[in-house]
Structures are given as structure tokens and as C-alpha cells.
């Protein structure tokens, strides 16, 4: 993280403590900004607070008691969710973890290789390769997903784990970030020194460059993890066997059935709460380590 | 001599070898599908006789027929207009809020900044489907706290999932989900401004508002451009939020947004050829908008640099 911290300008005045003989406390707090931010936080937390409370309500309480009044049915709801179709809910969670974890790992590896190559080497067609890869960002997923489905159907690969994993491995945004990060973090003379010592290009990459790129690659991994975990369109198109569904698609089908059987609504709500907990926990943990400065690097380039 | 030459050759080949996985994946999952979509869009199914037996259905050249059909299809036009209206709400509100929060975070003596920053960023971690689902329930009169409050106040209760309010309901989901991410992008570039830049202005007695308007906003203009650009692309491709709200209301049709129409044509009607044509049109519009936008943004910055 340190290399990024160095590049960052001195923290803005907002984070520096007041001067020694500063004004009294009342004047030291900026009320309007603090209040604005608190209102923003309230708005952003409202649905999360709602789902946490709604998940404690039994089906009857959900439609009859005041919204933010906790109910008595949480244990019951959990039991129903566990029992629903022999615990298919947990299968969905597991699938999401697999798609997002493995997918993001593969994606980060490909991004690291390509980003490093585009940043370090001077070769013919470098900018063309980069621009063509970047144009991928602009492709609406649906123009890709439907022909991907039809082509995978010809290879008899639809409705499989691979059909959701593979199309997402190449992430143009990941390659873009990895290139910027390699440019900033891997000095050209270090690579040159490695060559002088007779190391192969592959060895220079794995032993010297890769460790230097790790903080940036963590960011690429997390971006891709969230992108795959949140993806809906691709599994929606590719999968029909609900044993392979990720959690987004699973909850969606549950909601769709709930339109005819409102008893399922409590399951949807409890399921939604449990589905956001892992990602929120992940965020709370990683935000300590995750340097979002990489984004500003991306912005400034 | 020979070893030196071999090494030089190794260096030359290395970037291509490193780029091989990305190239293969690009060919298989980007280039090939795009090519296939274009091919499909230029063909149609011809049925011989009763369409029974093998070989009775064949794909024949259709020229631009699918395209003219798609462009004269009023449903696609209406979908495009709906998304335009939706984008006209989402983009200014979301980016306005993101800029406002970023500037507030960057103010002197602001309290609870780490907490509020994290809280506002949190929705980024929540899948669009789940976000739409949560808000969808909050829009239902029997469940919603808003209706409860309106009821107590004796005020009229609009149907949030119908007509004009539906746009607001959908826009709100996008604003909720996207503000935090854009705020972080803008905030990080605000923090990258060296403190000396403000010192002179402060000594001259400039108010925080003046500093924000005259110094900060112009200096983060590039990141505003970037967030605007990504927001446009995301808006054109809106799909999962309206699809998720569909089970809760009859007002979201299966063809509410152009992408939903593509899905409906391809899988609902099994008409992959016109679906492909519509998808190609959407892609072309996206590309045209993106390049047009990048071009104006680039020439702007160049003009400013020249100054």
C-alpha cells in the first residue's frame, strides 16, 4: 500500500487536527457538512435496517405491524429458509461464493499478466491491443450474453458452472487497472536489472513484478468479486437448473414465485438479509486494507 | 553472441506470451459472440411448406430487414424513451449527490466522516437485484414506512409502482446503489489536490463555498467526466432492477427497457434474429455516445491545457 501512500498528496485540511489554540468545540464542528453526510448515511442504511428488522417478522406480522417494529418470527423464518427445497438457499450461497471467488481469482491472474505486458514492454500493436480490450468495457452485456448463450449451446456448455464462470474471466476494467498499477509500481530499471542477472522474463514477472503489484491486484480481485457476485444477467440467461443458481438469481426466482404465494415473501426477505451479510462483512474488513487511491490513479491517467 | 540474441528474442516474444490468455478469452467470449450477433442480425429464418421435417427451416440472408423492423418498432422506441427519462433523473441526481457528499467529506472540521463515508459506500456491495428487492418491498403500501407516515399525516398516498412515480421509484434504486461509488471516485481525486493549492485562497479570505466552487470542482473535473461516462453506459444497460420489480407490479412490462426487449425477443419469442439486430443497435448507440463523449471531453481538456 505504501507506494500509493507516497504518491498521495498531503491529506486535505479536513483530516488534520485543529491548531493548538483552536476555537471552542462548537465552532470546530462543521455542522452543515456533518448533517448532510449523516442524512446521506441514513438514506443509504435505511433499506438495510429495514431488511434486518423485517427478517424478524412472521408472515402475518410483515403486513400488519409497523415497519420498524421487530417481530417474533426470526427463528421460524430461518428454519423455513433452511427447509425450503432441502436447503437450496445455501447451495445458492455456495455457488455465488464459487462463481465470485474462483472467477475473480482467474480474472485477476489474466489481468495481472496482460496489464504487466502492456505496461512494461514496448512492442508492435501494444496500443491496438489495449484499445481493443478497452472497447470491451463499452459492450452492453446483453449483446454479448445472448450470442454467448447460443454459441455455448452449440458446444453443449449452457446450464453449467463454466457457462457463468468463463465469460467473465476477461475483465477489460481489470486489465486497465492492472496496467496502470504496473506502470506505477514496477520500475523499468528493476526489470532491466533482473535481465542483467540472467533471469527469464517469466521469472522476473513472478518473482519481482508480481509482489510489487499485489496491492493493486487486491483491488482488481475485489472489484471483480463484487462484479461477479452482483451479476444477474449472465446466470439469468445461461442457467435453468436451480441447483447451479447464484444467490441473486435464486432470490429473484423466489420473489417471482412469491407474487403468487405471499407466504414466500418472508423467505425472500430473510434470504436477502443473509445474502447481504457476507458482502457487508467483507467490506468492513477490507476497507482497512483496501486503498481506493488506485481509483484516483485510474482517474488521473 | 548467440545467447544474447536468444535473450533478445525471448524478450520480444514475452509480451505476446503474457497476452495470450487475454487474447484467447477475448476471441472466444467477445469477438466471436459479437461477430455471431452481427451475422444473426443479417439473417432470418425461412420456413418451407409447413415447417416440418429437417431442412424445412433454414436461415437465409435478410439484409437490413431486421434492422428496419427494429427501428420502426414502436415498442423499442418507447423503451428507449423510458430509459431516456429514467437516465435524465438518475444521472444528475446521483452525480450531484456524489459530488456534494465528496465535497462535504473534504471539508474542515467535519465529524463522523469515516462512518458516513462507509455507510454511503455500502450499497455498492449490495447486488442490484437485492437492492431492487429491498426497495420494492419499501414501495409496497402494506409494508412501507413512507405510507405509514403519509397515512398518519392524512396525506394522499401515491402508487409508487405505477405511472410517473414508477420512474422515481426505479431511479431511486439506481441513485441509492451508485452514489457511494461515485462519491469515492470524486473524493479520492479531491484528496489528491495538494493542500498548498488552498492556502493562498484561504489567506485571501475565501469561504469554504468559494473554495469548493472555484478550486475544488474545476480540479476534479476529470473524475466527474469519468463518473458521468460510466453512468451513461450503466443507464443504457438497465436490466436487473426493472426485471426484479416486475413481480411486484403490473406496470413494468417485459419490454420496459430496450435490453429487456432484447431478452424478451430472444427467449420469450425465440426470435433470435431480431433480438440480435436490436442488440447491435443498442451497442452502436452506446459506442457512438461513448466516443462522442470521450472526444468532447478530450478536446475540452486539451483546450484547457493549451490555455
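Using N, Cα and C of the backbone, Cβ positions are placed for all residues, glycine too.
Packing against the transmembrane segment (B:16-39) from elsewhere in the chain are residues 276, 279-280, 283: each is 6 or more residues past its ends and has a CB under 8 Å from a CB in it. Annotation comment: TrEMBL describes B:16-39 (among others) as transmembrane segment.
Annotation source TrEMBL lists domain 'ABC transmembrane type-1' at B:80-293.
The transmembrane segment annotation in TrEMBL covers B:83-106 (among others).
Look at TrEMBL and you will find B:118-140 (among others) tagged as transmembrane segment.
Within its own chain, the transmembrane segment (B:166-187) has Cβ neighbours under 8 Å at 82, 85-86, 89-90, 93-95, 97-99, 101-102, 105-106, 117, 120-124, 126, 128, 131-132, 135, 139, 160, 220, 223-224, 226-227, 231, 234-235, 238, 241-242, 245, 249, 251-252, counting only residues six or more beyond its boundaries. Summarising the annotation, TrEMBL assigns transmembrane segment to B:166-187 (among others).
Among the features that TrEMBL reports, transmembrane segment is placed at B:219-239 (among others).
For B:272-294 (among others), the entry in TrEMBL reads transmembrane segment.
For the transmembrane segment (B:83-106), the neighbouring stretch richest in Cβ pairs under 8 Å, chosen from B:118-140, B:219-239, B:272-294, is B:219-239. Counting same-chain residues at least six beyond the ends of the transmembrane segment (B:219-239), those with a Cβ under 8 angstroms from any Cβ of the stretch are 83, 86-87, 90-91, 94-95, 98-99, 102, 170, 174, 178, 182, 185-186, 188-190, 193, 197, 257-260, 263, 282, 285-286, 289-290, 293-294, 297, 301.
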